[in-house]
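> Following this message is one structure expressed as structure tokens.
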Amino acid sequence: MKLPIYLDYAATCPVDERVAKKMMAFLTIDGTFGNPASRSHKFGWQAEEAVDIARNQIADLIGADSREIVFTSGATESDNLAIKGAAHFYQTKGKHILTCKTEHKAVLDTCRQLEREGFEVTYLSPEADGLIDLEKFKAALRPDTILASIMHANNEIGVLQDIKAIGELCRANKTIFHVDATQSVGKVEINLEELAVDLMSMSSHKLYGPKGVGALYVRRKPRVRLEAIIHGGGHERGMRSGTLPVHQIVGMGEAYRIAKEEMASEMPRLKALRDRLYNGLKDIEETYVNGSMEHRLDSNLNISFNYVEGESLMMALRDIAVSSGSACTSASLEPSYVLRALGLNDELAHSSIRFTLGRYTTEEEIDYTINLMKGAVEKLRALSPLWDMFKEGIDLNTIEWSAH
């Protein structure tokens with residue numbers, strides 16, 4: 001076993017060796033290096049063919065038509081294109097947008113920007129388990145709600161929303177439905193032929209492909225229209241201009257192909273490892289799982305260890321790569337807004353650790369992690385006066401702390 005151990009797959013994944021090998025054939029003079037938009041010679045045709053193959057591989061994983069796949073620089077851009085693009089195109093029909101407080105910042109900040117432009121956004125609160133109450137969602141839909149944006153799997157707590165039911169509510173209200181599937185694609189069965197999803201954001205690096213490339217699914221029937229946010233040569237049917245990065249797109253396609261082939265065996269393996277981790281940690285006193293365990297990604301475990309500071313716990317776990325909060329926001333010392341939205345107090349939100357498992361995670365690594373965690377929590381609690389008070393039976397919520 002090699003240290004440090006990587007248990008932060010929700011932040012990014014290593015590129016699969018098979019993907020890296022394939023990408024190498026699309027870079028140098030000996031490879032397929034042409035511009036897919038060069039229609040007048042073989043170099044361009046070969047590059048275009050490679051892009052077409054990748055487009056099909058991505059569509060195959062999600063039950064879509066390859067003509068519904070638009071390449072972007074990543075899921076953040078896909079979220080921006082979907083939300084701004086739909087809002088701007090359909091604004092004559094209404095200016096109300098519906099989303100949830102636990103969405104990724106790429107969705108929330110895009111909605112904030114639209115608010116500055118005069119759109120009205122409703123931010124739903126999830127239930128304590130992280131799931132959206134469908135009745136509350138339905139009640140929040142209005143005749144002028146042109147767009148709803150709800151993520152499939154949450155990046156921090158791994159909770160899976162019922163996008164089938166939410167999609168049907170949106171369809172009945174003639175509301176465009178965007179799903180951020182960055183964390184779920186390739187980990188959960190998604191068949192867009194059976195879902196009323198109009199727009200879906202995807203990433204490559206969350207599924208063992210390269211960073212810097214992603215895709216947006218844009219439904220053709222019933223047709224969804226977008227206003228572009230990047231203008232230029234009219235690539236990607238005018239929705240996203242810019243020369244296509246063939247090597248990255250080929251890498252993403254190969255990563256999605258591998259995921260489709262291996263999903264049936266890989267997800268039960270990860271679930272067994274995740275449950276092993278959970279069973280090893282749940283006996284530690286005052287530990288709480290964040291988010292529903294029933295409706296959750298098999299690879300995610302988010303636990304709060306009461307009376308332990310999350311940051312100090314991470315420092316004590318130098319040999320294990322985990323995160324508190326999401327990678328995009330974990331540089332700030334604010335408690336996770338996702339956990340706060342579930343109703344956790346600051347202390348519990350601050351003491352949370354997210355473990356996310358992946359393709360290279362082994363049983364040996366999980367057992368090592370359990371032992372290290374137990375020791376670290378015990379050691380840090382031994383230093384905590386709050387833990388002593390709790391053990392003495394003092395209710396810490398009743399104490400009036402005075403500033404001095």
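Using N, Cα and C of the backbone, Cβ positions are placed for all residues, glycine too.
What Swiss-Prot shows for this protein is this:
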ACT_SITE  C328  active site, cysteine persulfide intermediate
BINDING   A75, T76, N155, Q183, S203, S204, H205, T243  pyridoxal 5'-phosphate binding site
BINDING   C328  [2Fe-2S] cluster binding site
MOD_RES   K206  N6-(pyridoxal phosphate)lysine
> Applying a 10 Å Cβ distance cut-off over all chains shown, what neighbour count does T76 (pyridoxal 5'-phosphate binding site) have?
21
> I need the most crowded of these recorded positions: H205, K206. Count other C-beta atoms within 10 angstroms of each C-beta and give me the top one.
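Its Cβ has the most other Cβ atoms within 10 Å: K206.
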> Just jot down the residues in the same chain as A75 (pyridoxal 5'-phosphate binding site), at least 6 apart in sequence, with C-beta under 8 A of its C-beta; none if empty.
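Those within reach of A75 (pyridoxal 5'-phosphate binding site), by Cβ under 8 Å and sequence separation of 6 or more, are A106, D180, T182, S201, M202, S203, K206, G214.
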> Out of N155, Q183, S203, S204, T243, which of the binding-site residues has the smallest number of neighbouring Cβ atoms within 10 Å?
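Looking at the binding-site residues N155, Q183, S203, S204, T243, the Cβ with the fewest others within 10 Å is that of T243.
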> Measuring Cα to Cα across A75, T76, N155, Q183, S203, S204, H205, T243, which the record gives as the pyridoxal 5'-phosphate binders, how far apart are the two most distant ones in Å?
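Largest pairwise Cα separation, rounded: 30 Å.
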